[in-house]
Amino acid sequence: MVGKQYDYIFILILVIGSFLVFWIMHVENPHNNKYIAKAWSVLAAVNMWGVIILCFAKFLEGQLFFGTIYAWLFGLPFMIAAVLKTDKLNYELLLTNLNKVSDPQEVLNLTDYLIQLYKTQDSDSQLMIDGFLEIHRATCAKEDCYLKQKRCNNQRILKSFFKDLTLSERDVDILMVLGQVYFNQIKRFPNNITLRIRYSLFLFDLMKQRQQALNELLQAEQQYPSFDYEFIIYRYKQIIEIEMNLTQTENSNEKLDVATEIAFQNNMRSFQNKIERATLMHMDFWSQLQEDSPDLGKMNEIGSKINQAIIQVEELWNKMQKMTQNLPKAMRLYAKFIIEVLQDKDYGESLLDKSKKLQLQNQKQRNQSMLSLLNNDDLCYESNATIILSTAPEKFAQIINLNLSCCNLFGFLKSEMINRKINIFMPNLYSKFHDAYFDRFMQTNDNRTINKERLIYIKQKSNYIFPCFLTLKIIQSLDDNLQMGAQLRPIKMFKPTCYLIVDGDELVDSISASCVALLNIDQKQISKGKIMLTDIFPNFSQSKQQYLTKNGGILNYKFSEQQLSNKNIKDENVEYEIQFTCYMNEIINNTIGELAGYVVRLEICGNDKSINQELNVHYHHQGGLSLQFKFNPRLNSYYGEFVAEMNSQRVDQTIIWDQGDLSSMISSNQHEIQNNGNQQQLMKVNNIDQKKDQIDYGEGIVIDINDPDIISDEENEDKNSVFQRNQNQDIERQGQQEINEKNNIFRSRKQLSQIINNYQIPKVITKVNWTANILTIILVVLSFTDFFIIYEQYEDIYKTILLVKNQNQRNAELQTITTSIQNLLMLNMDVWEFQSELEQQKYETLWKYKLNQSINNVDSLNKELMLTEVSLSDVILNMMNSDVVSMKSSEGISQMFDLSESIQQLLSKSLIIRDKPIYDIRLDDIDVNFVLFNSLNSLVFQLRAFSTLYANELRIKSENNKDTFLLILSISAAALGVGLFIMLIAIVSVNKTIEEILVIFIDIPDKMIKYLFNRAENFISNLQMGEDDDLISEMDEIEKENQNELNKQLKAKRKRKKYKNSNKEQRNFTLGILIIILLAQGYFILNYLLSKTFLTDLNQMIPEINATARAESFYRFVDISERSLFLNRNQTIMNQDAYEIVKNNLNGLYSLDSSIHQEHASNIEITSQLYLDSYKQIFMEQPCTIISNFLNEITEQECQVFADGAVYQGMAVGIARYFENLRYIMTIYDQFWGNPNVNFTLLARGFGKFKNITKDSDNVRNYILNLNNFNQTKEAREMQDSYNRATFRFLVSQMIEGISQDMEDHKTQILGLFIVFEGLIFIVYFLLWLPLVAKFTKDIWRTRSMILMIPLSVIQSIKSIKTYIKTNIQINDVEV
């Protein structure tokens, strides 16, 4: 259809199409967003206008009408303006009767228009919404209509669930009505997909109900939508799920909401099903392999399905992790699947450990959840012992509420404790001063003990004390009074321990219940008579000081009592000496600061035995008996008895016992059998056989176990006996060396998958081709990466050097601001000596100008530092965004700000001072005081800290860049070496590749295959039975036997089919590849050596750069600190005494100057000649020419005569004179301070004249202020303002310029090498390599993935499998 005869057809199509687009976009207006709708209307109108003009051009151009293009351009703005100005008011939509609507499109039109009105938010739209709401209220026939319920006074309306509190009542009404309209109309038109999608978008965008919106999309998805709707549903499902996951991740510490919990449970079930399916596939695979003639094709097919199933499991696991990180149950299931089925023990155990930590963390959070807003009903659900105390005067320190756990702990009924003072339930020594302590706490509001766990002692109903951990929390009650919440946690004692509380005279006041068994002392003896500590322990006083130490001391006690042992021992009187470890702590009454008494804690030493154990062991060892436990199934209990059998290997297999059972029998309630030494033995059975040849598992223990609860959950998880576990440990130790010697390259299935699928090449030939391509690309990428990284990192280092300079220059300018304000302040105080008022005015103008200049400089430098594009460490970024500077306001209140805010406050105050008249710049002025105080205290710390951080950042970048270049060198070496290796071995026979992959499975021994099948079967059985805690199969013995059998078979000679290797490497090809790789590697080595040398030199220069850059600011700080001392000695500097800081500053000057010269001397060989010449001219030769030209504030002649020509001789002499002037002034200051009668004229020695500056008789202050007019002070001040500032700024600029020149020279060398290397790669690839790769043709990618079917443990054990992987897979970043 080409030619003018078809023009009219084309024009007709354009007219119809443009009209339809205009009608849909402008008239129907399907868009909710006002601006999007206008944009589409304008676009459709412009298109329609163009078609109309096109028709005129076709019919009338050249006949009745000329200049069509001008007409189109002329009418275009009018058309756009008309569309933009037109507002379509669909009043008829607002009158739609929703009770009689028959077409869902009417509902969509109405809801779309209402949403459009809602988003417009102008007066007309609000008026139309009000009208619609009134109409809807009148016409709505539903009983649950929101508007009707709202008007009903006796109908309870739920509070709005909208999070946006800015919504007006009208907005809430229209949104609720829209929600009801959608909901009701969906019931009427349940199969309308568009309506459901619009409802979902409404819920998501406006109502913020993500889960309900997702449910609506799922409902729409089930109704077979069209392709475009499928895309919309899929897209919004992804958006909603991502937002839900992000929201849940942000609130990861909180519980899942109901909707997410349901989704998680659904995923959990699907996760379990997929794991079950993958396990069944593994069983099918291993069963095929057990056949006499395995079907290699079927094995390959099953193996491919297993890979897909595992991928599905991993994808679902990642999806569940996005929903919440707190999923210990799913993590435990996944870990056990990895261990049992995938045989990835390391990764599985790491997940198990993580799940245990999560479980412990959840338990800890539940156990330590405190009483934020507890009420009477809440306490009954609290598992920990909890008490609520009143602080009201009428119920001061009385218990107003407690829970059952607390009653059980104290031994009282709740009625016996409620409304009683808390000190009744304390030891007597504490209860005496507890009221005073509690009252002091309420008055001082000392919160040091709040929300912190500490050890206390409670008194139980039996009058014995008991140690507990206490956590306090302040609670705001409903009557605006404070309440104290206390939570008690009993202490866990792992050794037989008793406690005694004695007063200051060592009179025993209270004891714990364990003293009855250990010390033969009960509470009746304590209450009846006075028992001194020395009565129990005669030699206690001799080692008292040792007991008060942290490590305590040994205390011996003679025990004598008529005791009853087990049924095999008769009653007898015995006397034994028990050895305790004694710890003694002081009890201090904090209210009066006096010693109230001591807490004595006695622990039985580890080598001692308890009394009953001594009896039992002594009696039975005489007869050569040993203790054994037997289980009586009829009575469901354990019995211990002494038998004559001594060989542990001959114990009857019906004996069921382990260290958990034994340790649980030694409890605090069984005082007769407490044996810490034996208990430690039993709890560390795994280490016993390393210490002793023969283990006596039941020494000294005879007890029946009838209580089923005495066995803990941890014991139930391990049903093997102690003998079995020790046997397992022997086997594990024997095989440990063999395991360590095995290849441990493939640590997890995921890592192995990444290695194998790193280059998914379907054919061996293609593999060689792609290997060459990838190797070439790697070389090109590495060369480009190396080149651009060098350029980028050099640029980054250079910018970091500028940051170091700018940071220190900002510090100096900030201190110059302080100098300017000090000078103006002293001018107002009449400190300076001027001959006329004109000189004073010039001086004021000069320093206000300098003040303004410094403010502008600081503002500019601050912007450069804050807006820098240089990548900075997290430490610097965190400090920038953290409130680290304490700024003291004029009211004396300190407040924390970040550095930028602090500097801005200082600048704003400085601007105010700049605009003040000179008579308002006083020491008591709030703005002056603000600047002078804050610029010398906390701000100085942080400015120096930032200077140090920037210098450290420069050092880190120079060191890290060396590591980066070394990494590139290593990667290039690995890539070239592995590439050479793979290309040499890739010419193996292609026809046998698939067969070789499948045959390697036959090398697995039959017993190992059976073991793997049984392990998977055991896992699936436990999974299907729901035994979650027993999913790890107890097949350690079988595993060891199979491992030993595997090792034996591997050592033995086995027959296997031989395959002919028909491909041979050509020597020339190998030699050529080797030469090319050596040349390529030489390029990276040369680049690395050049870069390393440069960065090493730069790293060595960093101390000199830092010292030189910060010298100006430090010298300036010394000057303003000294003047601040003269103005007000009481004002702190750096939050310390001003005098001490000034003295330290003088010493710091010498250290800094010495550091600069020492660093420069050590860097002479590596420093650029430009900086060497500049340094020599400044310090050793005459610097006046440089200073006068650089600063433009002084002439060369003035420099030559300044300081008696000291500067002209070199700044080394000038700076030394500057130091001596400062030290001399401080010496005179020491003479003036505190000595009003000193002879000023005598001490001044003609360097200064006395002037009554303060206009009073305060000689000391006048003398000190007159120090500012001494010749040495004036010279030092001018030295700092002009010469020091010019010297160090010039040196820093020259140093940076020298470094920049060295960088550019190095970049030029790198560029030349880069061009040569790229030319070499081009020649080698296109002229040598491409002709050689044309002969490689066959596909092996699918069979290669079969390697992932082999369990990792088998790969590590069978040499043929490992060899195949090493010789057939190219790995660029993993050494195999």
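Cβ atoms are placed via backbone N, Cα and C, with glycine included.
The feature transmembrane segment is assigned by TrEMBL to 7-25 (among others). Here the transmembrane segment (7-25) has Cβ contacts under 8 Å with residues 1, 37, 40-41, 43-45, 47-48, 50-51, 54-55, 58 of the same chain, all six or more residues outside its ends.
For 37-57 (among others), the entry in TrEMBL reads transmembrane segment. Taking Cβ pairs closer than 8 Å, the transmembrane segment (37-57) reaches residues 11, 14-15, 18-19, 21-22, 24-26, 29, 31, 65, 68, 71-72, 75-76, 79-80, 82-84, 116 in its own chain, all 6 or more past its ends.
Residues of the same chain lying 6 or more positions beyond the ends of the transmembrane segment (64-84) and with a Cβ under 8 Å from any Cβ of it are 26, 38, 41-42, 45-46, 49-50, 53, 56-57. Per TrEMBL, transmembrane segment is recorded for 64-84 (among others).
As annotated by TrEMBL, domain 'TmcB/TmcC TPR repeats' applies to 244-364.
Feature annotation from TrEMBL assigns transmembrane segment to 770-791 (among others).
Annotation source TrEMBL lists transmembrane segment at 965-988 (among others).
Sequence annotations record features per position, and here TrEMBL assigns coiled coil to 1028-1067.
Using a Cβ-Cβ cut-off under 8 Å and counting only residues 6 or more beyond its ends in the same chain, the transmembrane segment (1069-1090) has close neighbours at 779, 782-783, 786, 790, 965-966, 968-969, 972-973, 976-977, 979-980, 983-984, 1306, 1309-1310, 1313, 1317, 1320-1321, 1324, 1328, 1332. For 1069-1090 (among others), the entry in TrEMBL reads transmembrane segment.
According to TrEMBL, the transmembrane segment annotation covers 1310-1334 (among others).
Here the domain 'TmcB/TmcC TPR repeats' (244-364) is broken down by DSSP into helix, strand and coil counts: 100 helix, 0 strand, 21 coil. Model confidence over the domain 'TmcB/TmcC TPR repeats' (244-364) is summarised by a mean pLDDT of 77.
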